[in-house]
Amino acid sequence: MKVTVGPDPSLVYRPDVDPEMAKDKASFRNYTSGPLLDRVFTTYKLMHTHQTVDFVRSKHAQFGGFSYKKMTVMEAVDLLDGLVDESDPDVDFPNSFHAFQTAEGIRKAHPDKDWFHLVGLLHDLGKVLALFGEPQWAVVGDTFPVGCRPQASVVFCDSTFQDNPDLQDPRYSTELGMYQPHCGLDRVLMSWGHDEYMYQVMKFNKFSLPPEAFYMIRFHSFYPWHTGSDYQQLCSQQDLAMLPWVQEFNKFDLYTKCPDLPDVDKLRPYYQGLIDKYCPGILSW
């Protein structure tokens, strides 16, 4: 069965990326008008309307039992091939190839950090949420903290939050909202999507990866933080120490997509070895 999740807005619409970084890379997010931008706006409008404290807590309760599926990491990678990116009708290759492309980009730049290579393979596996019936706005796109007022660098911030009930609630509508200053992102309730879900899967199944890996997975779509420099009032010193790692990962997530597809069959044994080392066996999803 093919499930359409549409374009991941985090990858196709980046109004906040430094133009200098974008030179010769414009084709990765060259969407500034037309029907795709309309679709991305609609995704964010739905997300910014429905992602509330109550909604996110309900999703943690719904998926926190990890009873939806039993499978290995490599089986989850293969499941990504059932997700169709409807924004690319002329590009016919499996979504799992992006996982291997990202991992191989990291492997080339950081040959001595095998755990980092594995993060590249793992980072989008939370998108299997779409196969469990979740709508696109609860799977993909930039993430942000719920329970406090959205900050300026949140995509479409000025035009998509008007119908979010939390912004009418005095507990959640200030800069700090329900949080204490510099409480740490580990105490922040993030909007629900593939980042948060995969982070929770990793914790539940006790992946033996370093803290940097957990940060990369949980916050790689948190562009208002790692690119927009917002939400500093919530950050601990630990968060700031981890920020460069998240930023380093982001370079490979955005810019490793290319028409030169990796030979997945040749790569599988290497990555299976990493899976066996850090997250072996049949996992609970």
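Glycine is treated like the rest: Cβ placed from N, Cα and C.
Features as listed in Swiss-Prot:
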BINDING   R29, D85, E86, S87, K127, G141, D142, H220, S221  substrate binding site
BINDING   H98, H123, D124, D253  Fe cation 1 binding site
BINDING   D124, H194, H220  Fe cation 2 binding site
MOD_RES   S33  phosphoserine
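Taking the mean position of the Cβ atoms of D124, H194, H220 as the Fe cation 2 site, the remaining residues of that chain whose Cβ falls within 8 Å of it are H123, L125, G126, K127, V140, G193, D195, M198, I217, S221, D253. Taking the Cβ of K127 (substrate binding site) as centre and 10 Å as the limit, one finds 26 other Cβ atoms among all the protein chains shown. Of the listed binding-site residues, namely D124, D142, D253, the sparsest Cβ surroundings within 10 Å are found at D253.
Same-chain residues with CB within 8 A of the center of the H98, H123, D124, D253 CB atoms, the Fe cation 1 site residues themselves not counted, are A99, T102, G120, H220. The Cβ of H98 has fewer other Cβ atoms within 10 Å than any other of the binding-site residues H98, H123, H194, H220. Comparing C-alpha positions, D124 (Fe cation 1 binding site) sits nearest to H194 among the binding-site residues D142, H194, H220, S221. Among the binding-site residues H123, K127, D142, D253, the ones whose Cα is located within 10 Å of the Cα of H220 (Fe cation 2 binding site) are H123, D142, D253. Here the Cβ of S221 (substrate binding site) has 29 other Cβ atoms within 10 Å, regardless of which shown protein chain they belong to.
D142 (substrate binding site) sits 10 Å from H194 (Fe cation 2 binding site), taking the C-alpha atoms as the reference points.
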